[in-house]
């Protein structure tokens, strides 16, 4: 994360001090990143997960699982689709970021912030994600090394329960459709409903 967007190092975009001390610069960078991500499309791995109709727990903020059609998605670190108001708790569409340089809450007038988790904040819906893993008959881990807690807890819960676990690092676009049977309905390691 050494990239710089609108003069802001990308890693700083996730630091609460940037949003408190330089909100105009933060929102300028946010708009550039959000506009770029709006152009992104789900890949074959996203589409295979959606087709399999399995619950998805993701650390990504890009919204590609929902765009692929997945219905049961937990975005642990939030997303780029929404803005939040810390003052009143309101959640709004990120389109407000383009209406004014410093978007204000339509409810209380306070300055909004992005809908993703900033450093030091707790991830969202981890209890529900743990419930899903507790009930799962299989766990497919894609594109993460699970170095951070509480995300690593999801793996640990499945491991302690002796749930079959498949781990895909590189080439997820090839492996995930294969493991789930893809859109063809062919044989798969994890049948729909088991992940």
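Including glycine, each Cβ sits where the backbone N, Cα and C put it.
Annotated features in TrEMBL:
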DOMAIN    1-195  domain 'Deacetylase sirtuin-type'
ACT_SITE  77  active site, proton acceptor
BINDING   85, 88, 105, 108  Zn(2+) binding site
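Counting in whole angstrom, residue 105 (Zn(2+) binding site) lies 21 from the residue listed as 'active site, proton acceptor' by their C-alpha atoms. Within the same chain, residues at least six positions away from the residue listed as 'active site, proton acceptor' with a Cβ under 8 Å of its Cβ are 59, 60, 61, 116, 117, 123, 124.
Least crowded of the binding-site residues (85, 108), judged by neighbouring Cβ atoms within 10 Å of its own Cβ: 108. Taking the domain 'Deacetylase sirtuin-type' (1-195) as a whole, pLDDT averages 87 in the prediction. The C-beta environment of residue 88 (Zn(2+) binding site), restricted to residues of the same chain at least 6 apart in sequence and closer than 8 Å, consists of 105, 107, 108, 110.
The local packing around residue 105 (Zn(2+) binding site), expressed as other Cβ atoms within 10 Å of its Cβ over all shown chains, amounts to 20. The residues near the Zn(2+) site, meaning same-chain residues not in 85, 88, 105, 108 whose C-beta sits within 8 angstroms of the mean position of the site's C-beta atoms, are 86, 87, 89, 90, 106, 107, 109, 110, 112, in sequence order.
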